[in-house]
Amino acid sequence: MRFAPDYVLCPPTATRRLRATHPSVSTIYFLFTIFVVSTVFHCHQRLALVPAPWAYSARVVVVPGHLPREGMWTINAMGRLGNQMGEYATLYALAKENGRPAYIPAQMHSTLAPIFRISLPVLHSSTASRVPWQNYHLNDWMEERYRHIPVPYVRLTGYPCSWTFYHHLRHEILREFTLHDHVREEAQAFLRGLRVNGSRPSTFVGVHVRRGDYVRVMPQVWKGVVADRGYLEQALDWFRAPTAPPVFVVTSNGMAWCRENIDASRGDVVFAGNGLEGSPAKDFALLTQCNHTVMTIGTFGFWAAYLTGGDTVYLANYTAPDSPFHLVFKPEAAFLPEWVGITANMGRALWSGL
């Protein structure tokens, strides 16, 4: 028995006609490009995308067809790094306390994710616009009523900056604010290269000096002061020991002032920070890889001390008794009980024009 062949020969004229109607390679490439661009565009409309290159470091929220029954909690992303760390930790703790899932704004993710291994999912603006949020204002410290917020879709507001919100979850907060390996390793490599009078130090004290806008805001708005030369002398002397002298690693958003006002004649002070407020990762990592902390004022220094552990010295009583700052700030809720406060010299600091 004979079988028909698997192919049919075409006459030359038919072959030429087929070639004439077959699309060219450039046409196929163009159509494929249009298909890919269209697919990406439609996916972008449906998914809550996060700006590169850190999109992989957190779960991304898809716009829901129906709002989840368990609710959704988020928080306003206000301020720079220290403020947003406080907001993140507060959202993490209060949402857990109230049994609600927590989501962070994309803006907060862009600030924190390049530095830390945060885990909360990201709430894109396209999702946020579909949620019937109820704003819930927080004071700067924890209150009992925050443990029972009977609202499913909450947007927390304010500038919470107190350990009283989350200290009972300290280990979880430290895990959330674990540095990325490359950030930590760069800081550790810098510290390993430091020498005190020719010897490698065994103890590092991170020093953060807040200057910048606070130089104007504290006296003009809050009837207060920033750290002066006298405070920093006392704070560094508190850590100096004759047997195992530490090295002081100074960071600040006013490095020129620090070089003029911090005595480095003993050879144990290193002016290490770059002072760039827009890219704080290097300075923050250096502080957290030290053993102890000298802070002045502000949330950046607080978080450096909180993550570092060890001993912390801070500037205390830096506002006048009638300062409006006392309406929004409680020192006992801002500084851990075991930290050591050195009282600011209000008179000398105000006269010096700081």
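Even glycines carry a Cβ here, placed using N, Cα and C.
Keep in mind that this is a model prediction, so the values were computed, not measured.
What Swiss-Prot says about this protein:
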TOPO_DOM  1-22  topological domain 'Cytoplasmic'
TRANSMEM  23-43  transmembrane segment
TOPO_DOM  44-354  topological domain 'Lumenal'
CARBOHYD  N197  N-linked glycosylation site
CARBOHYD  N291  N-linked glycosylation site
CARBOHYD  N317  N-linked glycosylation site
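Put simply, N317 (N-linked glycosylation site) is 35 Å from N197 (N-linked glycosylation site) when counted between their Cα atoms. The glycosylation sites in question are N197, N291, and the one with the fewest Cβ neighbours inside 10 Å is N197. For N291 (N-linked glycosylation site) paired with N317 (N-linked glycosylation site), the C-alpha to C-alpha distance reads 25 Å. Take the CB of N317 (N-linked glycosylation site) and look out to 10 A: across all protein chains shown you find 15 other CB atoms.
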